[in-house]
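> What follows is a single structure, and I will ask about it in a moment.
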């Protein structure tokens, strides 16, 4: 060891190398330092203790039960119940002033949730009423189990798009609507099962494989695909492709120009401009958040009145039609575990579950950081999972915390999860009494609402920042975007995740190494390529490894170091002849048995080269 740098050196005789310093005082000082800073062996631990510590650090890094230590048994039981049901944390101290804030927030997000629920259900090729059902039961469940104060729960565009596209590959919603509905409920059940399992088994780190670059590219691509799918409603096309790619969608639009309806296009342009203007106003003046929140419902009301007054349904404007009044019907008898469709529903549930879970947890953490409180990721996974399991049995499809709705909830001044309860009760009133009012709602307005909602998923500043910071991350982002646009949503996501994992493997198998030099007049050593003042030390090759040394990269390290030694030996003169190789391992956090063998082999190799 040389100084405090964790270096391992060899001299020209193959023995441990060191730095010779002239003068007895200097030697005494170094000897004193060696005694003062001697590396101690770690405390002896049994194999069971080491395994226990490793498992705890892997699956319980946040140590969720640390608050239980030293508490009486009764207190522990109370804390355990509060941990499982976070609603018990805030209900005892709930006040009327908090309720007033939550009431305003709940009514505001309800005005957004009702038209979005109907729109997103159509996006998933499900009956519009299912979208409203999904905005009633899941928020009530989340209010009891969720730990976020700002998360507004309901259907989201991306999960709706993925579920609809994956299920349509096997079953036509028009030809077999009941079977399609059964598959949607079953997929939701499996999505909830996956989500809850990740939380219960503390496997939340799995969703970390969806890096920011992956999500930015995926969301942008999915937003464009969602928008393109709305061209059917915006142009009044009757026969439209069921495929999701850019090419088939645009081909379908061009091939069916005879079906375009100028009345539908005019209405689409007017309401789309209105919605985008409202969104721009709310973004520019945050205090006017209610303009964007209320715009979708206002558009639904105005367009419905226009269709009713002018009988527009007789002039090429398609409408929703009759919707039944009533609350969620039980659907546990509609869960279909037929082997013929089991693989499809499991795969659909897995993909939609992971995507919606990632969105929900990310949104919850974002708004928690703004208000300076903690959100337990694993608890959120369990809450979202149980919410979807219950939803699958009550005529709901996949739901999670939507960013647009949560932003409105946050800006409206919500204080607790009671805002979700207020929203759910508002949707309940709508389901019981107001459904006949949606009979004349035109589909074109629902398409415009979806487009206005998903435009916010295209984050160009984030793409630019990724390009500036890391070109490899930008490649991942671009592949996710292109895969979604040109192939399919799920395959585009798989490609991006595959590239991200490949990049991680590349960093493991090809660790960063550099040659260091001394900054003149100091005892500091830095990378020769980054510091112009750093100078080579004659006769020394100082190499830094900045990664764990393990079986995956020892062969690369061995070959790379030998190549450096050969280059230095062949290029050296008598004055700069190579005598020492120093490995600076201060940045190496771990080394396995293969790494130890690598160091031993390297020592033998340097002995042969004198």
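Yeah, the Cβs are placed from backbone N, Cα and C, and that goes for glycine too.
The feature domain 'STAS' is assigned by TrEMBL to 530-610. Sequence annotations record features per position, and here TrEMBL assigns transmembrane segment to 178-198, 204-226, 233-254, 260-276, 288-310, 381-400, 421-439, 445-467, 474-506.
I would like each feature placed in context: is it buried or exposed, what are its neighbours, and how far apart are things?
Per-residue confidence over the domain 'STAS' (530-610) averages out at a pLDDT of 86.
Long-range Cβ contacts of the transmembrane segment (204-226) within its own chain (Cβ-Cβ under 8 Å, at least 6 residues beyond either end) map to 123, 157-158, 161-162, 198, 244-246, 249, 354, 357-358, 361-362, 377-378, 381, 450-451, 454-455, 457-459, 462-463, 466, 470, 473-474, 476-485, 489, 492-493, 496-497, 500-501.
Same-chain neighbours of the transmembrane segment (381-400): 121, 124, 126, 130, 133-138, 141-142, 145-147, 153-156, 159-160, 163, 184-189, 191-200, 204, 328-332, 335, 352-353, 356-357, 359-361, counting only residues six or more beyond its ends whose CB sits under 8 Å from a CB of the stretch.
Remote same-chain partners of the transmembrane segment (445-467), defined as residues 6 or more beyond its termini with a Cβ less than 8 Å from a stretch Cβ, comprise 115-116, 118-120, 122-123, 157-158, 212-213, 216-217, 219-220, 222-224, 226-227, 230, 232-234, 267-268, 271-272, 275-276, 279, 295-296, 299-300, 303, 320, 403-404, 473-474, 477.
Sequence-remote contacts of a segment are chain residues at least 6 beyond its ends whose Cβ falls under 8 Å from one of its Cβ atoms, and for the transmembrane segment (474-506) they are 158, 161-162, 165-166, 209-211, 213-218, 220-222, 224-225, 244-247, 351, 355, 463, 466-467, 552.
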> Residue list, the transmembrane segment (178-198) vs rest of chain: Cβ under 8 Å, 6 or more residues beyond ends.
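That would be 124-127, 130, 163, 166-167, 170-172, 204, 206-207, 331, 334-337, 341, 344-346, 348-350, 352-354, 356-357, 378, 381-382, 384-393, 395-398.
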